[in-house]
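Participant: For reference, Swiss-Prot lists these features for the protein:
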BINDING   58, 60, 117, 137  Zn(2+) 1 binding site
BINDING   62, 63, 137, 175  Zn(2+) 2 binding site
C-alpha cells in the first residue's frame with residue numbers, strides 16, 4: 001500500500017502488477033478499477049470509510065473483477081462506466097459519454113474517451129489545483145497500452161489528447177510496468193540520457209519496494225517514446241516493435 005498525501009490517493013498492489021487506486025476524501029472513498037475485492041474491503045473497514053463510487057476505465061477482467069462483490073457488500077454505490085460498456089460492464093448504474101462532467105466527492109471530474117486499448121476506454125480527469133488523471137491501460141510510464149480492439153490511429157489520437165492536458169497533471173495508470181518499458185526504450189535509444197536517468201530512478205524506488213507510479217505528464221513527455229512520436233507512422237512502428245519485446 002502506498003499513500004499520496006497531497007492527493008489523498010492510496011495505491012493497493014494486487015495480482016502480478018495491478019494497482020487499485022482509492023481516492024479518499026474525509027471518510028468517503030472512490031475506487032478505481034478494482035481487479036479484486038478483498039484488499040479493498042479490508043482497507044475500507046480498517047479505516048472506517050464509506051464507499052461512494054467505483055470508476056471503471058474499461059471492461060477487462062483485471063479491472064472489474066472486484067466490482068460485483070463490492071456493490072454486494074455496500075448499497076447505493078455508483079458504478080461509473082462508458083455508456084458503450086453497458087453489455088460488458090452490466091452492473092454499471094451511471095453511464096457516461098466523452099466530455100461529460102460529473103461531481104464526485106465535491107470535485108469536478110471530466111470524462112475523456114481514450115480509445116485504442118479497447119473500443120470504449122475512458123479516463124477520469126480531475127482538473128483542480130493538483131490535476132489528476134486516472135488513465136487505466138491507455139498510458140503507462142514509459143509505455144502505452146496494447147491495441148486489442150482499437151486502431152493505431154485511435155491510440156495515437158488518445159495520446160495526443162493526454163498531451164494536451166496541463167503539464168502538472170499527475171497520472172495514475174493501473175499497472176506497474178515502468179522498468180520493463182524503460183528497458184525497451186533504452187534498447188532503441190541506448191544513448192538517451194533522460195532514459196538512463198529514469199532507469200536509475202525506477203530501480204532505486206523498486207529496491208525500496210515503492211511504486212514508480214503515479215507520474216507527472218511533463219516528465220513523462222521527456223522519456224516516453226510513444227508520447228515523443230512525431231506522427232502516426234512513427235507511433236505505429238514503436239507500438240509494433242514493443243509488441244515483440246520480451
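Glycine is treated like the rest: Cβ placed from N, Cα and C.
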Participant: With every protein chain in view, what's the tally of Cβ atoms within 10 Å of the Cβ of residue 60 (Zn(2+) 1 binding site), excluding that atom itself?
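Facilitator: For residue 60 (Zn(2+) 1 binding site), the count of other Cβ atoms within 10 Å is 20.
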Participant: Nearest to residue 175 (Zn(2+) 2 binding site) by Cα, among 58, 60, 117, 137 (binding-site residues)?
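Facilitator: When the Cα distances are compared, 137 comes out closest.
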Participant: What does DSSP assign residue 63 (Zn(2+) 2 binding site), in three states?
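Facilitator: The three-state answer is helix.
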Participant: Going by DSSP, is residue 117 (Zn(2+) 1 binding site) part of a helix, a strand, or coil?
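Facilitator: DSSP call for residue 117 (Zn(2+) 1 binding site): coil, neither helix nor strand.
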Participant: By the count of other Cβ atoms within 10 Å, pick out the sparsest of the binding-site residues 58, 63, 117, 175.
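Facilitator: Each of the binding-site residues 58, 63, 117, 175 was scored; lowest Cβ tally within 10 Å is 175.
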Participant: Sort residue 175 (Zn(2+) 2 binding site) into helix, strand or coil using the DSSP assignment.
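Facilitator: For residue 175 (Zn(2+) 2 binding site) - judged by DSSP and reduced to three states - the answer is strand.
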Participant: Between the Cα atoms of residue 62 (Zn(2+) 2 binding site) and residue 137 (Zn(2+) 1 binding site), find the distance and write it as a whole number of Å.
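Facilitator: Cα to Cα, residue 62 (Zn(2+) 2 binding site) and residue 137 (Zn(2+) 1 binding site) are separated by 11 Å.
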